[in-house]
Amino acid sequence: MPLAQLKEPWPLMELVPLDPENGQTSGEEAGLQPSKDEAILKEISITHHVKAGSEKADPSQFELLKVLGQGSFGKVFLVRKVTRPDSGHLYAMKVLKKATLKVRDRVRTKMERDILADVNHPFVVKLHYAFQTEGKLYLILDFLRGGDLFTRLSKEVMFTEEDVKFYLAELALGLDHLHSLGIIYRDLKPENILLDEEGHIKLTDFGLSKEAIDHEKKAYSFCGTVEYMAPEVVNRQGHTHSADWWSYGVLMGKDRKETMTLILKAKLGMPQFLSTEAQSLLRALFKRNPANRLGSGPDGAEEIKRHIFYSTIDWNKLYRREIKPPFKPAVAQPDDTFYFDTEFTSRTPRDSPGIPPSAGAHQLFRGFSFVATGLMEDDGKPRTTQAPLHSVVQQLHGKNLVFSDGYVVKETIGVGSYSVCKRCVHKATNMEYAVKVIDKSKRDPSEEIEILLRYGQHPNIITLKDVYDDGKHVYLVTELMRGGELLDKILRQKFFSEREASFVLHTISKTVEYLHSQGVVHRDLKPSNILYVDESGNPECLRICDFGFAKQLRAENGLLMTPCYTANFVAPEVLKRQGYDEGCDIWSLGILLYTMLAGYTPFANGPSDTPEEILTRIGSGKFTLSGGNWNTVSETAKDLVSKMLHVDPHQRLTAKQVLQHPWITQKDKLPQSQLSHQDLQLVKGAMAATYSALNSSKPTPQLKPIESSILAQRRVRKLPSTTL
């Protein structure tokens, strides 16, 4: 079932009440009485050892880039390591002032550091360093660029029960690992589940976790986020790992008071839009007696993994991260922070020395420092290789940034309807880039930016490096295409064969198939938007550029849709439109293929052809496959051209079918004889005329004053003179 029409992943719905479970009962007031055990605070001894030869980290080894967040425990910064062995690597640095931490908070901080140092799991955030100064504690963690799961699912995506199952399954593996170490998580909520750049989850924020010696030991403190608390936590009757499995299945209420009442009185219900398997799992998780709760038995998480709801999950593949996530966050360079609250990212990063705490506080944190052994070679010596140093990407954070402060603008590379492209040089690094300057009054670039952020890491899609906005224009800084346009390169070659054309089309079709599989259509795949990043002429160096007309498949409410949602819940007319747009992309590739093989364009003889003449030829669907180069071109090539240029867009091959065509799969059988071609400028002129004619066939309606309409003028003529 589709779920994303909800404002929150688990809002309170009209529910069918569950029968309260016999067993534990408690008055609501029980949650208000402090526990005797809660007042006992003990320092947690730290027994972790550091590999011989490792060096302790300190604040001077990290360059502050941005503020990512701020909470009751301190600030989180995006930082770059500036010393070996991992110089250039980006981390999230959690900084806590000792002087402002309560004693209880200090214990929690040490607890978080101990837990993270122990944990090594694909779905739990990794601790790389921990150290302290006189006034502060530092945790250096993975920098997870995808933001938190709650923000992503509630604000951006139409998702289904199948999609939610993926996240819950990864979460179950992460929790199971923590439980195997004797750790109760106790603060499980969507805000503490982050996404990496691929869309896999990572559990984070272990400040409320509690290590238990064995499964019999209970914790008593009143902690966690109330919406997700198990009844035994609210009632302070002692809780074990099973409290996490309650939180795992909880439905979030409208407000804290209402949620607390529901938890205490067991007035939980079951949303009827869920499948029977999902309802069965929730009923098994929502047992007020923790001993009866699924996951609390001797098999632990294995009970949950065996549940029928997860019958479609391959747990081994999931652990190896081989199952594709339903949603890929839009992230560009490794140091971007598009997915963090602008309230924090717009602040100037500043880490003050911190007021020294009381005399005994430093002793409380003894043994706090930690170095990840993964940063050392097997023999204990530091690694000699360095991570690549990335250029700083300045992002839009509600301010107008001056592009010329960071870059020197050079000559114009190209001019479009809504933008101009220029070469530019980054002042700090002297690196060359291209900048696309878009007139905001003529075009909204937000979709183009989002697509480039989400998919620009593909090897054959242009990479977005930086974004500026001065109010009137948006500046998109991308890698510089030094090799020029595809057709220029091909037609200037002294020798170009059919086999080489197959390699070129293979690379481009692979990229288009990737975009289409993600619900993205380019809609402007003319040859001038396919360029080489260098002058090698290698097909793998091709880049698809200019996503100004590109679209992502969205629902009527504007949200993106996961593949599962698209397959099950999208209206036929929406899919038909998407198929039409995909067909247009294939048609453009067909034009390119025809031109590479024939040496001239299929529907235009030259730049002097009128749009009407060109459109008539396109509409007829007729083009020649005989004479000239066609006498030596293979029959499989002619077959592919015919199927890509079919007059009906819904009967054209898909990008996937193009990749499966014998002309692509059996390149070694293709001729290697030289293909002749018309004059370069004639071919380019004819190609430009073709796309100009296509654009002219879609006139934009012009809105005029209502008084200028024929109906309004006729009414004025009929009015008596006294009313004028």
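Each Cβ is built from the backbone N, Cα and C atoms, and glycine gets one as well.
Keep in mind that what you see is a predicted model, and the values were worked out from it rather than measured.
Swiss-Prot marks one residue of S369, S642, S692 as phosphoserine, namely S369. Considering only the recorded positions S296, D524, T562, L68 (ATP binding site) has T562 as its nearest partner by CA-CA distance. On the 0 to 100 pLDDT scale, the domain 'Protein kinase 1' (62-310) averages 72 in this prediction.
Cβ-based crowding with a 10 Å cutoff singles out L68 as the top-ranked of the binding-site residues L68, V415, C421. C421 (ATP binding site) and T562 (phosphothreonine) are 33 Å apart (CA-CA, integer value). Non-local contacts of Y418 (ATP binding site) by the CB criterion (under 8 A, 6+ apart in sequence, same chain) comprise I438, D439, K442, R443, G548. Under DSSP, V415 (ATP binding site) is assigned to a strand (E or B) in the three-state scheme. The DSSP secondary structure for D524 (active site, proton acceptor) is coil.
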